[in-house]
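Notes to accompany the following structure.
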């Protein structure tokens, strides 16, 4: 029996745990590996300017120390001394000259810093934009250039996550955050150097805490890198699950698998959430420790500094003066603050390095069969002689299953040879080896005497035309799909190829003819129509070698006869290799090779092999056991397809916008609505918000404490100065402890809130997608690639407007409000002077946000389109490789990206200016404050108030400026929130009605009453036109008709994939609209011609047939036995625990079909829906499976769409459907006697 020794790779590859590679992070310098000469110049210039800016900023404490010393000296000389008016006036003039000089210097500093910050931001962002475009380009090109064995162990669903999230993170790590970080570090180093020069003893005392800070942040940076890697892995796995589920949405819906898929998806999200909350805790611990260390340093610095000043008081040349102490203190404080502000960027760089590791590992991987290396011979005067010499082969992913065992075969140029054998015997492997998808393990394959390995790979594949049993079309027009076979073809060439494939007729009847869009994977066409276009695509290549794997299996008899004649005619000029189950199609082959267990057991012509009366004779006799077992024209519609296009009517398949979706897209979303997405976490947000306020108020409070310290220094009473200084230092220590706890709690609470919301939104978005009606997925913009891109990025981006960002905003606002309050309390006039600069910063933020919002829209549009294109190509890589379309898809992808990157390059200048202004306005504000403050001091205003007001307001301004660094994330978050709300608010058109019924048992009567139906994307085209059909309990009804007549639509309506426009569909006495959806589908079992299997074990795939309970092992084995697949499964090393991999691509068609049949049988349905359930099986397997299906039909209502006459002759009723109506019905004998349409089809079959 053919089942015992299957040699399909079974997926060979997936019988063990998928070998997901352990990818390590790259070094930071490696992130810039694709920087060109221009990029390096930009980066070098940016570094120079940011270091200049850092040097200047590190010098500003010196200027501040000087002006502070001048102020205290002026106060001591004028307010604590009795002096004449003349001396007072001279001192005042000198003091104002000093203040004026300080003002000019600070304004100059501001101007230079604006220029430096603008330049370095523009340089790094522009370079990052260029590099990321190149990396996207190289990444996709390298993905397409990988050999097929690489795809066998890498999930293509993970690809969309790499293209979106990982490259976002990579871009974030090499752009403007780098000069920001370098600026902070330059200030840190410069400030410490100045502090040591000005007063090394005091500086060292202040710096005692530095080693602790470095160790803490080094350890936490290492830990966060590890956690970031785990986050990427978890979200990558979630993306792979989403891609698999959405691409098989009809299977998921039909078997009520939504809950199970949600659980699978949620498990990855839950891991990511817990992982990221740990990361938030570590961040809070690091920041809290830093603030405690910084404020403890403040206390120690002031206490020790005042002590040094008092000890040297009266000395003619004191080492430490007030000016020195302030300079050293502010240098250390500035350095520490900038060290702290640099810390968040370390995490961004760690994440970028982890993302870079994943992306670059693909780019660096050199495939064994390398398409990109344009090497190898190109034979002149190619004839087409193919020879296999002692070829052995096992799939690289698992070497313990030998697929071909010493195969020797010779195919002469121009000959037509056929490969036959039981399902899974290795026939398709031969076809894949000829295309060099794989190389033989041993032996060699030659073309005209040359080893295939020595030939140019692209040239080789261009000599080959290939048509598979499950043809893949791309989301383009019919003309473009055919032209993919030969990009240089003319319009006339396309028409001629379509005529040869018998496709021209139905194409010209479409409203847009050859410009008709076929939808994702050709979903808008019936199976037969797709196959004819695929044949036209192969023929237009005018290949010397033609590979046909069941190329006409999906055609009705009339179409098959014409196409077969065209192929027979064409094959006279080609070397043709045919893989066929229907042996009648290969009768005239020059040679037939019979495969069994990976070896050739017979070879010869049809007559020669029939004379031998061995294996081939047995196969042929099984098929011709009755002349009436011919094939009937009725297979074009596939149940697991989107709407079919009717051949007999002019149907337009262009997508039509859904008005609801269009309206939802136009809805605006306010910041309030975005924040409300986080409302469920209000306790965490409340606690985090309170601690953010505490944190925000600590900054202006520092100004008050600092002002008090400065205020006592002019007092001549040393004891008073010591006492007040001790109090102030204690306040610093208390503030540090409060800051440490508030920072830890703030990070933890907002981390929990943000991660829970991200998990919830991802989960809700995925569930929202799963509950949408099938018509939702028919829309072009809702392709699998686009939906996966939204799912990966939108929910995470919302966190850019919530979570930790809320804490940043709250603390910034608290700083500003408290600072304004203090300024009004101490000196309102000075407060207004400082406050005048705040609107400029807010205005800059407004324009930055508006600009970033437009850029975000552009990026979202281009990246969704480009990602969808890339995912489509990668998902169908075998077709892409066969047609040599790698460069074509790559070019389309790049063309979609370029508009965004061109616009991004233009807006970079505005971003640089706004950020530069935000970072330098504080210097202009401080210059104004000190100038006006100096004037007020001369009017007897207590000088400490000038410091308190100016320091408080400047810190408020700085706080807002720092939050501006995250404005792009915030803008992306608001934009993403709009998309999320659109999905969550969309109500599916097919859903449970109020008071719907739950049916525990049904009899199985099915009835269609005056049903009219048109697909949502084509509302003006009627598919069913008043269909009346009744299927009684326990009866079998077969649906027959021309290609695209609406047969599969009948099945889709009972499954409620769609609802009728008018009329009713009944199950027993209940309108299906009144039955709860899960309950309805639980009584239906479906098997289609193109079954979808999941990346699970065989056991899980069969058990998927009944997701309402835990299916017992013995039930699974029994279902497998009934489907004639049990023996094959138990011969595998892991048996029922064998993992199938993505879509079961390594299984033969027959093996996949039998697992799908077992899956349908496991649910013991009352109504069985069969759409070509045995079409992919060889004769031997078909007989056994057909017997199993015949048994399964007993006691069940069965609706079958049949390809072979033998499978429906015993049906209780056969219905002929034409133009959306039943035009004939009766038993086989009755319809033959009627001599109508069925009789003509039957007669044609038997010619």
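Cβ atoms are placed via backbone N, Cα and C, with glycine included.
Predicted automatically and left uncurated, TrEMBL annotations should be read as such.
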In TrEMBL, one of 630-659, 660-689, 690-719 is tagged region 'Disordered'. Which stretch would that be? 630-659
Which residue range, 12-34, 81-103, 104-126, is the one TrEMBL calls transmembrane segment? 104-126
For the record in TrEMBL, which of the ranges 830-847, 848-865, 866-883, 884-901 is the transmembrane segment one? 830-847
Per TrEMBL, the range holding transmembrane segment, considering 178-196, 235-253, 254-272: 178-196
Listed range which TrEMBL flags as transmembrane segment, given the options 140-162, 324-346: 324-346
Same-chain residues at least 6 beyond the ends of the transmembrane segment (41-60) with a Cβ under 8 Å from one of its Cβ atoms are 32, 35, 106, 109, 112-113, 115-117, 119-121, 123-124, 126-127, 178-180, 182-187, 189-191, 193-194, 331, 334-335, 923
Cβ pairs under 8 Å between the transmembrane segment (806-824) and the transmembrane segment (682-710), at least three: yes
Ranking 104-126, 202-223, 324-346, 730-753 by the number of C-beta pairs under 8 Å to the transmembrane segment (284-304), which range is first? 730-753
Over the domain 'ABC transporter' (1006-1244), work out the mean pLDDT and round it to an integer. 84
